[in-house]
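So that we are looking at the same thing, I have put the structure below in structure tokens.
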Amino acid sequence: MEPPRRRTRPPPRLRASPPPRPARRASKKTREICLKLPSDIVFEILIKLAVKSLLRFQSVCKSWCSTISNNSFAKIHLAHSQTHPIYFAGSFPTHLGNKLILSAIDKKNEDYNERPGSFIRDLCERHGSMRDVSEPLNGLICVVFDDNPSVKVCNPSTQEVIELPPIVDTPHPRSIHSLGYDPITDKYKILNISYTCYTQAMEHRVFTLGSESDMWRRIDGCADHIVFPSPIFQNSGRFCINGIIYFLGWDWGVKRNDDGTLIVAFHVGEEKFCVIPLPEGAPKFQYLLQYSGCLAVVDSHKKDLMDNTIKMWILQDYSNKLWMEHTIVLPPPLKNLLAEKFFLFSCIIHTGE
């Protein structure tokens, strides 16, 4: 008779994806050559390299590893990232649920607009079916997966994924997550809003990346009659600009014949909400986006485009709530395509296009 088999415990669940395999240590001759280079020249060389190369060059010598791992270097490298490949996160439905893929194109090629992007990986391959993905913020994205659901912060460049602890004590069936950054404290935070659709019941929580508590904290919301995200425009843009996360919200206290749409702003550092009225003249159907580092409201529903224009309102001064109206002239083919249609702007790139 065989002795009973001993049960073995499963390995602990990893909180982050394993980092890329480190490169072999550089030879002694290579390290001596690197040490002879002036530090300022080394710095200028490193900030122009891709992230994949930086991960390999950390093993060249201790000084290089210290420079590459420095937080200040990461910020400067991010500012120079316009010369690196452009990363795209796209989702598509499958029989297993929505999938999130990462792709890249190299801007160094003069004809990169006509070249297909190179496939990087299926980010959901090890993490389940994707439900929602946030706007990118300093090279990071926040992805919500259907299992439980789980929330993960991803770095597409390094392909690192960090899982956040689950929220188990909320009675609300729906929730959204937004990634924010406070430039004063240099902290990244994830804002969770749990709610029941078409009711005034909401809960708000914040998780700080890198904090010792490693838990979600309850925070106060807006007035009871303010609901966000808007029940009408739940998929409208929500993003972080200069330490403030913006949403389209809804005021249940207005009269039925009036439009209750408004903008809700969340200060990432102070962890407080405030309400911003829509600019004067803004229509009932709006969409939020970023424009040259400012919040912008776009008229996303026009029954008549015979004037061949779309209006956009830009928040030039956040403190004084100063808006500036801007007119976008459409080319004739786009005008004919959008006539009598409801449309959404995808994004505005750093060149203003």
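Residue numbering: from 1, along the chain as shown.
Glycine is treated like the rest: Cβ placed from N, Cα and C.
Okay, so TrEMBL annotates it like this:
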- 1-12: compositional bias 'Basic residues' (COMPBIAS)
- 31-76: domain 'F-box' (DOMAIN)
- 1-30: region 'Disordered' (REGION)
Which residue counts does DSSP yield for the domain 'F-box' (31-76) in the helix, strand and coil classes, in that order?
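Tallied per class, the domain 'F-box' (31-76) gives 35 helix, 0 strand, 11 coil.
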Looking only at the domain 'F-box' (31-76), what is the model's average confidence as pLDDT?
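Averaged over the domain 'F-box' (31-76), per-residue pLDDT gives 72.
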